[in-house]
Each structure stands twice: as C-alpha cells, then as structure tokens.
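According to TrEMBL, the protein carries these features:
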TRANSMEM  61-80  transmembrane segment
TRANSMEM  100-120  transmembrane segment
TRANSMEM  208-228  transmembrane segment
TRANSMEM  289-313  transmembrane segment
TRANSMEM  319-349  transmembrane segment
DOMAIN    384-623  domain 'ABC transporter'
Amino acid sequence: MTSAATNDAHSVPPPPPAEITYSGQYSVNPLGEVTFRKLCAQLPSVLRRIAKMSWAIDRRAVLLLLACQLITGVAAAVQLTATAKAMSPILGDDAVADRLYAALPALLVVAGASALARGSGAVSTYAERRITPRLTTATDTALVEAVCRVEAAAYAVDGFADRQEAAEMGVIRTHVMVTDAQRFMSALVRMVTASGVLSVLNPLMLPLLLLAVLPAGVGAVLTARVDYEIHYANVADRNVRGMMRWWSTTPKYGDEVRANGMTDYLLYWNRALSERVDKRTLAAAPRTLRIALLSSLVGGGLLLATWAVLAWLAVTGRIALAIAATAVLAVQTTLAALSQVVINGAAVFHTSLYLSDMQAFLDDAGERAPQRGELTVGAPVDEIRLDEVTYTYPGKDKPAVDDVSLTLRRGEILAIVGVNGSGKSTLTRLITGIYLADKGHVTWNGKDLAHVDPATVWNCIGLVPQIFAQWPLRVRENVTLGQPRSLDDAQVWEAVDAVGMREAVEDLPAALDTLLAREVFGGAELSGGQWQRLACSRALYRRPQLLILDEPTSQMDPRGEHGIFERIRTIAPDRITIVVTHRLENTRTADHIVVMEQGRITEQGVYEDLVHAGGTFAELLALSQDR
Ligand SMILES: Nc1ncnc2c1ncn2[C@@H]1O[C@H](COP(=O)(O)OP(=O)(O)OP(=O)(O)O)[C@@H](O)[C@H]1O
C-alpha cells in the first residue's frame, strides 16, 4: 500500500462507540420519583433485610453486634449523666483538690463507661468482620449460580446483561453493607441516648439540635440520589467497556489485535467510553456542590441558633452553669452521632438501591430458571422426534427454525448442512432442549422436552459446539469437565487417544496435570486444532446417548479430521449422532442428510441421492470443489 493510501485511510476518523442505554423492563430509574420522606421510611426495611441476610450467615455474630450496640448506648448515657454529676463539684467554690476529690467517683464512672464503649466498638468490628466475607461470598455465589441456571433463551432477552452488570454492583456493595449498617445503628443508639440526656437537662435543646442537623441529612440523601442517577445512566457504557476491555487485553485475541493494527482503535474505544462516563459524572458535580453548600449553610445557621439559646439560658440563670456545661457536651455528642447517623444512613440507603437491583435480578433470573416438569429421560435413548418445531429468537420477526419435523433413531448418523444463518445450530439447541420450541414438540423416547427435567436430558448429551470453551483448567478436567468417571486416568487417556492427542499431551510439562492457561505461571498453551481435538475428546469421554458435533474438525489437519470421523463411525451404533458441517464430503458418513434453508428443511436423503438431485446440496458441493 502506498503512503498516500495509508494517509487516506487514516484521515477518516473512527466512528464513536454506539450510544447504548440501559434497556429492558427495568429501564426506569427507581429513584426518579421518590421523596426524601419515602427514602427515610425505607431505612428500617433495608436494615431488616441486611439483618436477615447476616442472620442467615452467622447468628452469633449478629447477636454479638446487637449486644454491642446496646452496650454502646448504655455507656453513652452513663458517661453523660456521670459528667453532669462531676460538673457540680468541679464548678463549685471549694479548693481545687477538694473539688476534684468530690468529683472523683463520677469521673471514674465516666472513664469506665468510656472504656466499655471502646471495648464494645472493638468487639462489634470483630463481629462485623465475621459476617462480611461470607456474606459477600454468598451473594456472589448466588449471582453466578443464577446466571448459570437461567434458560439459555434469557441471554437473548433485551437488557438481561445490563441488569446483570447492575446486580454486580450489589455484590460489590455487600463489602461495606454490614459496616455501614453497624455504624448507622451504633450512631443512632448514641444519638438517642445523648439526646435523651439533653432533653432531660433542658427540653428546648433537642428540637433545636434536630433542626440543625436535618439539612445535613437531606443533603446526604439528595447526594446519594444524584450518585445513583449517574450510576444508572452509566450502566450500559460500563458494561460494554468491561467487555471490550476483556476482548482487547486477553492474550487469546492478542494476535488479531496486533496484526490487524487494532490497538489504537481499541484504546480510542476505551477512552471514548470512559470520557462519556466521566462527562455524565462531571455534569453532576455542580448539582452535588449546590446541595452540599445549601445544606451546610442552613445547618450552620440553625446550629448557631442552638448555641445562642444555650448561652442565653446560662446567662439569664435559667439553667445552672454545671448543667449548661454538660449540655454543651451532650450537644457535641448528639451532633457527632447525628452526623454519623446521616452519613451512614445515606450509605445504607445508597447500598440498598444496589441491593434492590441485585435482588430484582436474582428474582428475575429465578423466574427464568427452567421449570419444565418432573419427567426424566435416561439411557438408552432410542428415538428423538421433532414435530412441526418452530423457534423465533426474542426480538426477531422471522423464525430461526421454521416448522421442522424429523426423526432420529439410535445407531443413526444425521448430518445437517446449509448456508450460514440457515438455522443449523438453532436446530441442535432445540434437539438438546437448550431452547424450547415456541410451536411443535421435541420428544425423547416419547417424552416432550417441555415437561422433562433438563438436567436429565443434558446428562445424556456430548456436545462439541462451533465455538467451544478453552477452559483454564488442567488437561484432565478439560476432558472430564470435572466429572471423572473413575479414580484412575484410564478412561481419560482413552478419550485422548480417540482424538489422536496422546503424543501432544505426553509432551506437555505435566501431561494430564498441565494447566492449560498460558497466562498462569506454569501453564501451557495448545494450538487451535489441538484445542478442538480436546473439545471432541470431552464429548466422547461422556459416552453420550446423543453426540452432537457442530463443525468439529474446522481447525484440524486431514489426519485429525479422518481420525475423528473414523471414531464417530465406530461408536455410532450405541447412540444417536448429529454432525453439523460445511464440508459436504464429510456427510458421506451420514445415514441421513438434511439441508436447511431459512430455518426450513428443503432437502433430505443420503449423500448419493442428494449429489444427483440438482438442489442446494449439489450446488454447494459443486462450489466447494470449484477451485
Ligand atoms: N442468540 C441469538 N440471538 C438472536 N438471534 C440469533 C441467535 N443465534 C442465532 N441467531 C439468528 O438465528 C438465525 C440462525 O442462526 P444459526 O446460528 O442457527 O445458523 P447456522 O445455520 O448455525 O449458521 P452458521 O452456519 O453460520 O453457523 C440467524 O439469522 C441468526 O442471526
């Protein structure tokens, strides 16, 4: 390419990343219409929920936490009352030594109560640390399990991935949830006891103090509301950025990224998405500043009024000096506790929003888990029938599989061929019960898959999908999928031999024990064709009743391909075998071939008949030989 051409290509700026918005049925920001009062009213139920979750994890730690809160409250009340007692002699007219001596018992009580409060603080931190890690693990596991167990069709539902991303935030927030709740509760207890003491000293002080702190409370909750609004607006972009980050940085696609010169573009993408996220976040900064300034201004003015009233009461002799001094302390304590209540209350509330997202996702995922029925299937699987089966992907107008009827019998090899997008893979998903038909029935041994426990169906299947996982596990687990059939490795080697991989596996640093993850220390990497052979050995190891191979040899050398088809023929009598392939020569092995076009079966028969039928099969075969 000439340099002019290169410059030309570079003078066209790349298009910005597509604008994606958080979609689906949860696309309405739940905070949009909520008032401050409603938010405060939600706190008890949020705390109850956190307590319930913690209770399920560690009852003793929860009880310990509650006991500590009680002790904190009692200690705060004792401290203030004893301080008031100590103030009278200290502010008296006797000699200093006599005044201190008289105040000593009360001062000792203050010291004891303070030590008790510190001790209970330390114990409550210990209890909280007993709960948090396990709570985080429990929620994380619940989320992973929920996603793994949904009907596969859920992945195609609008907004499912975005809601999953939003739910991930709930898991992250469980790290701080118990700490926030515990701090909130302990500050609340301290505040209630201190303000109780204060109102005993002078009933006028408490309402004034509450008024002084109220603006800070409103400000903190309003800020939380803005933060969540921004989080909500950024969910989709963060989701896409996370995915793109993985694709850009994983070594698996490193060759493609480098050799195709994609690095600059990918960095541009990452930057553009981050800038978009930042733009939204920065746009909110003036709003949060306004909220903070206004709430501080109003709160500060009211606090000034509180101090003025206290001074007026003392100066006019309406309260004794000792009481006024204790009131100053009580106001300080209440104020400190109140701001903690406000800060931690807002944090708890903020967390609750993410928890609600997580719970909504878990509930939704739970509803999307297969609920098909109690029927079971097992070996031997003699017949699989499809009767007028139709399936349309969510959001699509045209069916991917349209009115297909087919019968598969034990011992037969079926080949499915057709152009890209004709519905071959979708058909195999319907046969395996990964998707359920919208119309028509798929039956195994006469049992409709719509009513069969899918786990029993999947126990009978060995599947080599078109795009298969390269698990970062040892070779052994890559073959057994972590479900060994025996204690020794004999059957693993048998499956490895079946795909001609013995030599390659023996050459690895630790043979079957070699970790197949290049990124991890000590890990090894296989070639594309070797990975594909391993995927085949995985399916063969299961000795399935239904063996499905979707383009199983696309990356293999002719020797490997020949070996696999030999093997398929040898083991075919004990099972039903389906091969999806574009290499039409490979369909010679099949007892029956179906040709798919636009979701329908348009031709079927054996190889020799189809070659001479003058239809799509003959045309595709001729094209594949025209080089
Ligand atoms: N997860 C999905 N969500 C929505 N549409 C899908 C999904 N998977 C496939 N489709 C659509 O369904 C149709 C059939 O796809 P399918 O993967 O079954 O074709 P195929 O015959 O296996 O193609 P290929 O030869 O390229 O593997 C296509 O139009 C495709 O766009």
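Placement of Cβ uses the backbone N, Cα and C atoms for every residue, glycine included.
Long-range contacts of the transmembrane segment (319-349) within the same chain: residues 39-40, 42-43, 46-47, 50, 76, 80, 83-84, 87-88, 90-91, 176-177, 180-181, 183-184, 186-188, 190-191, 194-195, 197-198, 201-202, 205, 209-210, 212-213, 216-217, 220-221, 223-224, 303, 306-307, 310, 313, each at least 6 residues beyond the stretch ends and with a Cβ under 8 Å from a Cβ of the stretch. Within its own chain, the transmembrane segment (61-80) is flanked in space by residues 51, 54-55, 109-110, 113-114, 116-117, 120-121, 123-124, 126-128, 130-131, 182, 185-186, 189-190, 192-194, 196-197, 326, 329-330, 333, 337, which lie at least six positions past its ends and keep a Cβ under 8 Å from the stretch.
Counting residues 6+ beyond its ends, the transmembrane segment (289-313) has Cβ neighbours under 8 Å at 202, 204-205, 208-209, 211-216, 218-220, 222-223, 226, 319, 324, 327-328, 331, 335 in the same chain.
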